[in-house]
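Beneath this line is the structure, given in structure tokens, with notes to follow.
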Amino acid sequence: MRANGSELNGTVLPRDPPAEGSPRRPPWVTSTLATILIFTIVVDLLGNLLVILSVYRNKKLRNAGNIFVVSLAIADLVVAIYPYPLVLTSVFHNGWNLGYLHCQISGFLMGLSVIGSIFNITGIAINRYCYICHSLKYDKLYSDKNSLCYVGLIWVLTVVAIVPNLFVGSLQYDPRIYSCTFAQSVSSAYTIAVVFFHFILPIAIVTYCYLRIWILVIQVRRRVKPDNNPRLKPHDFRNFVTMFVVFVLFAVCWAPLNFIGLAVAVDPETIIPRIPEWLFVSSYYMAYFNSCLNAIIYGLLNQNFRREYKKIVVSFCTAKAFFQDSSNDAADRIRSKPSPLITNNNQVKVDSV
């Protein structure tokens with residue numbers, strides 16, 4: 001091992017990560033990685049700012065469920081503001097030359113973002129489950145005060161989950177991905193715990209919640225007497241599908257990296273040499289790319305967000321104040337009770353993600 005370098009598998013990091021020591025690659029590889037990062041940063045920043053502004057401006061989007069959506073957008077913004085630009089700099093310089101402190105902060109914020117994202121996605125799934133499957137208790141469970149407390153709890157748990165990395169020494173520079181990140185080979189037991197509590201367990205909870213919702217949706221749609229039986233509004237079903245797609249994309253983007261980490265933790269000496277570099281790098285940049293997808297999904301699948309996006313862009317282009325409330329029509333001022341169920345005689349309008 002070089003005295004001033006880090007091992008290829010990311011097991012050792014000196015106090016000051018060097019610029020040299022990154023693997024030599026064809027120019028098109030680094031160009032591709034840089035392009036992916038630039039696209040991710042730009043779309044992440046613009047998209048998630050649009051999400052936050054949309055909820056701020058539109059009363060129809062200001063509800064308990066969307067508090068978690070804003071929290072998720074903040075988690076995605078974190079990486080676009082600090083860690084990803086540093087990774088991009090590392091790509092351009094073919095190595096890390098920003099020092100030990102920036103390496104640790106970058107790795108910490110990257111972990112904070114991903115754990116915050118999965119915990120917020122779990123919070124959204126539980127919220128949707130209560131909203132659709134336990135609608136009579138929803139107002140009490142998800143009052144404005146309670147919802148803010150839930151989001152606060154999510155971020156407290158996120159910080160608690162990431163802090164041990166600072167003491168275990170697992171935040172290290174890996175030249176293969178030009179990033180200071182969680183080193184999977186530092187401790188097998190710790191890596192297994194991270195994968196289980198930060199990925200597998202949340203995914204299991206979210207899967208359970210959405211499975212129960214799908215079962216209810218199928219049961220409701222098969223009922224033969226709609227006059228007496230409640231049915232799910234199409235609007236609520238579309239909102240559920242939106243958040244389900246967000247979950248599926250997160251799971252797909254992050255699963256390869258987590259399964260690689262699990263395999264490395266089980267048998268590091270055997271697995272590490274067998275993992276192709278292209279697979280390892282692809283799994284990381286696939287995970288990085290996920291941070292810019294949610295805002296796109298909201299715009300594609302949610303009509304309220306799509307309309308608000310357009311209003312914000314028009315306001316910006318015409319130099320109007322885009323921080324003002326855009327909910328001016330009479331329908332927007334009607335405060336409706338959130339409930340996913342309606343009958344033929346009693347329709348309830350709901351506007352949420």
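Using the three backbone atoms N, Cα and C, a Cβ is placed for every residue, glycine included.
Bear in mind that the values here come from a model prediction, so they are computed numbers and not experimental data.
Pulled from Swiss-Prot:
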type     : residues      : note
DISULFID : Cys103-Cys180 : disulfide bond
CARBOHYD : Asn4          : N-linked glycosylation site
CARBOHYD : Asn9          : N-linked glycosylation site
REGION   : 1-26          : region 'Disordered'
TOPO_DOM : 1-32          : topological domain 'Extracellular'
TOPO_DOM : 54-66         : topological domain 'Cytoplasmic'
TOPO_DOM : 88-105        : topological domain 'Extracellular'
TOPO_DOM : 127-145       : topological domain 'Cytoplasmic'
TOPO_DOM : 167-190       : topological domain 'Extracellular'
TOPO_DOM : 212-243       : topological domain 'Cytoplasmic'
TOPO_DOM : 265-277       : topological domain 'Extracellular'
TOPO_DOM : 299-353       : topological domain 'Cytoplasmic'
TRANSMEM : 33-53         : transmembrane segment
TRANSMEM : 67-87         : transmembrane segment
TRANSMEM : 106-126       : transmembrane segment
TRANSMEM : 146-166       : transmembrane segment
TRANSMEM : 191-211       : transmembrane segment
TRANSMEM : 244-264       : transmembrane segment
TRANSMEM : 278-298       : transmembrane segment
(request) Test the contact criterion for the transmembrane segment (106-126) and the transmembrane segment (244-264): 3 or more CB pairs under 8 Å, pairs 6 or more apart in sequence, then answer yes or no. (result) yes
(request) Give the residue from the disulfide-bonded residues Cys103, Cys180 that has the most other Cβ atoms within 10 Å of its Cβ, counting over every protein chain displayed. (result) Cys180
(message) Let me spell it out: take the transmembrane segment (33-53), skip the flanking residues so only those 6+ beyond its ends count, and list any with a Cβ under 8 Å from a Cβ in it.
(response) 69-70, 73-74, 76-77, 79-81, 84-85, 87-88, 91-92, 178, 281, 285, 288-289, 291-292, 294-296, 298-299, 305, 308-309, 312, 322-323
(request) Would you kindly check 146-166, 191-211, 244-264 and say which stretch has the most C-beta pairs under 8 angstroms to the transmembrane segment (278-298)? (result) 244-264
(request) Quickly jot the same-chain residues contacting the transmembrane segment (67-87) by Cβ under 8 Å, restricted to those at least six beyond its ends, or write none. (result) 37, 40-41, 44-45, 48-49, 51-52, 55, 98, 102, 105-107, 109-110, 112-113, 116-117, 120-121, 123-124, 127, 147-148, 150-151, 154-155, 177-180, 246, 288, 291-292, 294-295, 298, 353
(message) For the topological domain 'Extracellular' (1-32), report the average pLDDT of the model, please.
(response) 55
(request) Using DSSP reduced to three states, classify Cys103 (disulfide bond) as helix, strand or coil. (result) helix
(request) For the topological domain 'Extracellular' (265-277), find every same-chain residue at least 6 residues outside the stretch whose CB is under 8 Å from a CB in it, and list them. (result) 9, 23, 176, 184-185, 188-189, 191-192, 195
